[in-house]
Amino acid sequence: MKIKALSKLKPEQGIWMTEVDKPEVGHNDILIKIKKTAICGTDVHIYNWDEWSQKTIPVPMVVGHEYVGEVVAIGQEVRGFEIGDRVSGEGHITCGHCRNCRGGRTHLCRNTIGVGVNREGAFAEYLVIPAFNAFKIPDEISDDLASIFDPFGNAVHTALSFDLVGEDVLITGAGPIGIMAAAVAKHVGARHVVITDVNEYRLELARKMGVTRAVNVAEEKLEDVMAELGMTEGFDVGLEMSGNPAAFNSMLTTMNHGGRIALLGIPPSDMGIDWNQVIFKGLVIKGIYGREMFETWYKMASLIQSGLDLSPIITHHYKIDDFQEGFDVMRSGMSGKVILDWE
């Protein structure tokens, strides 16, 4: 049987609607009928066919890894899932036999394979993934929110890396993940949550999500904002979401001594920084990749159930046949999360 899917068909700019074979369910897998998918920054890189994509993405391949759907078939070894369960899923498929997997640090598996990056993805009518990777969505969480659990998980993993209660938090990069991380920081009890960017559309989104200050660094100095907030000693926690060298260096300069930084943004490989800031301030820097399995997922559900409102971050909806409009608006930078409806 053939199904509709969005695929990277050619090694050039673009993504194409295609027909592919319906995937087969293995012993340990579940088959998910996709309801909604969201477009990730990674999908935009794949669309643009940038240097990273050219090195990483096999062609042809079905793309996408942010989704929600319904379980419609179950492999014979699978326990804990039933037909009709509403699920999203962890996009990092791990090996299960390396030291980190066996030691319970699954998110640090050295043999990780990415759904829609190294193997067939979720932008299709059906997706097969290992049942281990699926996560049941509580009834009170909407399909829209469930479809963005993957990037929300990046935000939660980064934000909750360090204690935030009563702390002053700087977030560099107001993309959707940065904005969600800011909302989490505020929700769990940070004092001042300041986010920086140069994209006024996204800074306005951050304001809607309740940050203390959203700062356009092209127009005002971070140091002036800190003075205005009565901050005399610098930020306690930094969440770097942009991969922008100037943003990271500005973070290092404005951190308090003993400050802690979680790094999710991917900088150019040869980024230079002022190491004196790190050493003489005694800063701690932690690299973040993916989500903790599955601690981050349970935290995500609990945060929403405890009143965290992410709805402003979802700005655009399109039917799947209009996917091109969705990619165009994502590439323009004038959007939050963009959702594609498969039903």
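These residue numbers are counts, starting from 1, taken along the chain as shown.
Placement of Cβ uses the backbone N, Cα and C atoms for every residue, glycine included.
Values in this document were obtained by computation on a predicted structure and should not be read as measured data.
The active site, charge relay system annotation in Swiss-Prot covers THR42, HIS45 and rests on sequence analysis. Among the features that Swiss-Prot reports, Zn(2+) 1 binding site is placed at CYS40, HIS65, GLU66. The Zn(2+) 2 binding site annotation in Swiss-Prot covers CYS95, CYS98, CYS101, CYS109 and is backed by sequence analysis. Feature annotation from Swiss-Prot assigns NAD(+) binding site to ILE177, ASP197, ARG202, LEU264, GLY265, ILE266, ILE288, TYR289; the stated evidence is sequence analysis.
Sequence-distant neighbours of ILE177 (NAD(+) binding site): residues of the same chain at least 6 apart with a C-beta under 8 Å from its C-beta are GLY41, PRO151, ASN154, ALA155, THR158, MET241, LEU264.
Between the candidate binding-site residues, CYS109, LEU264, ILE266, the densest Cβ environment within 10 Å is the one around LEU264. Non-local contacts of CYS95 (Zn(2+) 2 binding site) by the CB criterion (under 8 A, 6+ apart in sequence, same chain) comprise CYS101, CYS109, ARG110, ASN111, THR112. Contacts of TYR289 (NAD(+) binding site) defined by a Cβ separation under 8 A and a same-chain sequence distance of 6+ are given as HIS107, LEU108, in order along the sequence.
Here NAD(+) is bound by ILE177, ASP197, ARG202, LEU264, GLY265, ILE266, ILE288, TYR289 per the record. The longest Cα to Cα distance in that group is 23 Å. In the structure shown, across all protein chains, CYS40 is the one of the binding-site residues CYS40, CYS98, CYS101, ILE288 with the greatest number of other Cβ atoms within 10 Å. Between the CA atoms of CYS98 (Zn(2+) 2 binding site) and CYS40 (Zn(2+) 1 binding site) there is a gap of 28 Å.
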